[in-house]
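Enquirer: Shown below is the structure under consideration.
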Amino acid sequence: TMDNQGYCGESFNSLQSGTSDEDMVEIAGATLDFSVTDDVPPLDREYAGEKSNNQGNCGAVNSTYDAMAEPVPGVGTYEDFNTIDWVREKSKDRDRHREIASKSKESTWALIQSVSDAFSGWLLMLLIGLMAGALAGGIDISAHWMTDLKDGVCLNGFWFNHEHCCWTSNETTFMERDKCPQWKSWAELIIGHSEGAFAYITNYLMYVSWALLFAFLAVSLVRAFAPYACGSGISEIKTILSGFIIRGYLGKWTLIIKTITLVLAVSSGLSLGKEGPLVHVACCCGNILCHLFTKYRKNEAKRREVLSAAAAVGVSVAFGAPIGGVLFSLEEVSYYFPLKTLWRSFFAALVAAFTLRSINPFGNSKLVLFYVEFHSPWHLLELIPFILLGIFGGLWGAFFIRTNIAWCRRRKTTKLGHYPVLEVLVVTAVTAILAFPNDYTRISTSELISELFNDCGLLDSSKLCDYINLNSSKSSNELPDRPANSNVYTAMWQLALALIFKVLITIVTFGMKVPSGLFIPSMAVGAITGRLLGVGMEQLAYYHHDWVIFKGWCTPGADCITPGLYAMVGAAACLGGVTRMTVSLVVIMFELTGGLEYIVPLMAAAMTSKWVADAIGREGIYEAHIRLNGYPFLEAKEEFGHKTLAMDVMRPRRSDPPLTVLTQDHMTVEDVETLISETTYSGFPVVVSHESQRLVGFVLRRDLVISIENARKRQDGIVSTSHIYFTEYMPPQPSTSPAQLKLRSIMDLSPFTVTDHTPMEIVVDIFRKLGLRQCLVTHNGRLLGIITKKDILKHMAQMANRDPDSILFN
């Protein structure tokens, strides 16, 4: 590994041109300049002042100026839209650790400091858990209240939602528990009565108006204050965790606006969930709290360990599934996940779930809205419909990814993208107008899923539970399969229409300029399909219990089929088809529903849906969005199966001019400054001489810029004709010659090198596993060229017959 004793950084204003760490080598005619992107400007510059201490210091006075005497501001920090150097960051952290360990033996105070340093990680996890849990509780309560506000208002206090309003009422009946005199619909308030066509139209208009108001507020706030707060944020968090820097994406403005607009977007009735954005919110909390601890503030790799744990916290509070959250972070979002991070994620998820439980946002002592308990066991033959649901989930996942990416690409490339507010308002209007007439789309998606998961008891007043009771002497826990009444068939029709509506509207909703999660809409699609299939199976079993498939286990008067279980399995299958999660998905589902005995059906459905979806297209929705946005992300799950060599990918190519290099002892300050001003490379290899091309080390552009600038300020003798040395010893100079500048301390003496005949699959593996930014190519010890992360991504795109120029930050 690169155990660099000395790196000197640069000041942010001292770089003459916007360079990217990826672009070590200019690409003919297409130099990618990340500093001038047409993306949103970064919102908070709180990182810009970050300083970092390092072993390699800059400044000393002699006839030789050695850039080693004291630290220089800007060392070790990165610019926006650059990739971090994992090896260098880890090495920096090891040096810091060694220093603390050696000092701790000297005095009691140093020992206390070393203990507090070790404890700071756990304290940070505690704070993240508390903050994210509190925010999630607030979001849940506000969204519940604002969703009900579209239907009516509570006279006891406008801040009560429908359920809380009727809790204290003495006039509610068991069959009509949601009707009480304290809760007035808008028609009752405006025209005085709640029956008839005029009342229906009044309620309809109020529903649509509130939805439009909420959506307009959400998109306006995002657009005005935090453009990074839109979408689910998981694709970007995956990219950030892989080492990319997007300034402001996890900043305080994004956190504030995302929290507020998430409530508004969910309340507007759009087909989106709050689960994905809650991961973004938790990661914002993690990033902001990192600034309290020097160890995490100054080290980008350490900060990413914290963000991995924060992602686990996000899922923990979204679904009330702490273990599922840890597994989600491990399986889906994290790039680097050491054991220490696993334990810390576990602790943080626990604290967050505990905080949410103490807030009790749903008033039922559960962490989620759709907690269910099934009592009847499942039979082996039911695996057939479960696997069918898995196949449906895979097909839906592949269909959704294709259509949604096509729609998002259209949004990027046509005029549609210029009118985000109008787009959100049109989609909201269409959603509200089509949703209101159907009971199952009018309610919030979470309530819909809750209703679909529900196991029908004797006392259920829902239309889905309107069966003909033939023999009600049994306890309500074990109701036999019963024939369906007319209301069940009406509910089936409404659910079939709701399914078509959800499938189509979710495609255009995901990716709009409001916070939008995908978990809940996907689960709704699967739950509707599952419930339809479950009711169908139940009626088949009732009327045809003598068929071969039902014989022996489904006798008349027995409770054989649980439609709610089918809904649960369908929800897991569809969510798995879209995101390609497996282990974490099953754990989230059984934590969500408390159905431990249904692990096998869930596993069967999740695995089938993944196989089917993978057969149609390899990418999950988050990977597809990463590729659409052109983020420099090396997918760890993807195999590199081509027989190319390092010499095929490296720059310069055969037709290009030779590689720009520095020599170890033949260049003056003027030569180096000219080289810097004429090129946009982010770093330069150092060789013994132009003739030998034997490699000595590698210097980053900004380290050069800042060291020369610093030397000119600190010592009078440094002029344009001063010689620059990267060697350990310098030849004696005549007294009349100008002062020399020694820059060995800023050179990386152990740059990663491969030979020109190294197979690219090994190079790709090295980049993935070590998180490299660049790698030098040699032949018989002589320097030939350089490979950067972006060269690899372009090469992989080319091999897959995609446009290689799509790999840049759009």
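Cβ coordinates come from backbone N, Cα and C, glycine included.
Sharing the record's features from TrEMBL:
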TRANSMEM  119-139  transmembrane segment
TRANSMEM  204-229  transmembrane segment
TRANSMEM  250-272  transmembrane segment
TRANSMEM  278-294  transmembrane segment
TRANSMEM  306-330  transmembrane segment
TRANSMEM  380-399  transmembrane segment
TRANSMEM  419-436  transmembrane segment
TRANSMEM  491-512  transmembrane segment
TRANSMEM  518-537  transmembrane segment
DOMAIN    650-714  domain 'CBS'
DOMAIN    747-804  domain 'CBS'
Enquirer: Counting Cβ pairs under 8 Å to the transmembrane segment (419-436), which of 278-294, 380-399, 491-512 comes out on top?
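Expert: Checked against 278-294, 380-399, 491-512; highest Cβ contact count belongs to 491-512.
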Enquirer: DSSP says what for the domain 'CBS' (747-804): how many helix, strand, coil residues?
Expert: 23 helix, 18 strand, 17 coil
Enquirer: Within the domain 'CBS' (747-804) only, compute the mean pLDDT.
Expert: 90
Enquirer: With pairs restricted to those 6 or more apart in sequence, evaluate whether the transmembrane segment (306-330) and the transmembrane segment (278-294) have 3+ C-beta pairs under 8 Å.
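Expert: Answer yes: the transmembrane segment (306-330) meets the transmembrane segment (278-294) with 3 or more Cβ pairs below 8 Å.
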Enquirer: Quick one: find which recorded stretch in 119-139, 204-229, 518-537 has the most Cβ pairs under 8 Å with the transmembrane segment (278-294).
Expert: 119-139
Enquirer: In the domain 'CBS' (650-714), how many residues does DSSP assign to helix, to strand and to coil?
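Expert: Residue counts for the domain 'CBS' (650-714) by secondary structure: 24 helix, 17 strand, 24 coil.
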Enquirer: Sequence-remote contacts (6 or more beyond its ends) of the transmembrane segment (518-537), Cβ cut-off under 8 Å?
Expert: 232, 271-276, 318-319, 382, 385, 388-389, 392-393, 396-397, 400, 440, 445-446, 448-449, 452-453, 464, 484, 488, 492, 495-496, 498-499, 502-503, 506, 509-510, 561-575, 577-579, 621
Enquirer: Take the transmembrane segment (204-229) and find every residue of the same chain, 6 or more past its ends, with a Cβ under 8 Å from one of its Cβ atoms.
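Expert: Tertiary neighbours of the transmembrane segment (204-229) are 40, 43, 146, 149-151, 186-187, 190, 236, 246, 248-249, 251, 253-254, 256-258, 260-261, 264-265, 267-270, 280, 420-421, 424-425, 428-429, 431-433, 436, 442, 512-515.
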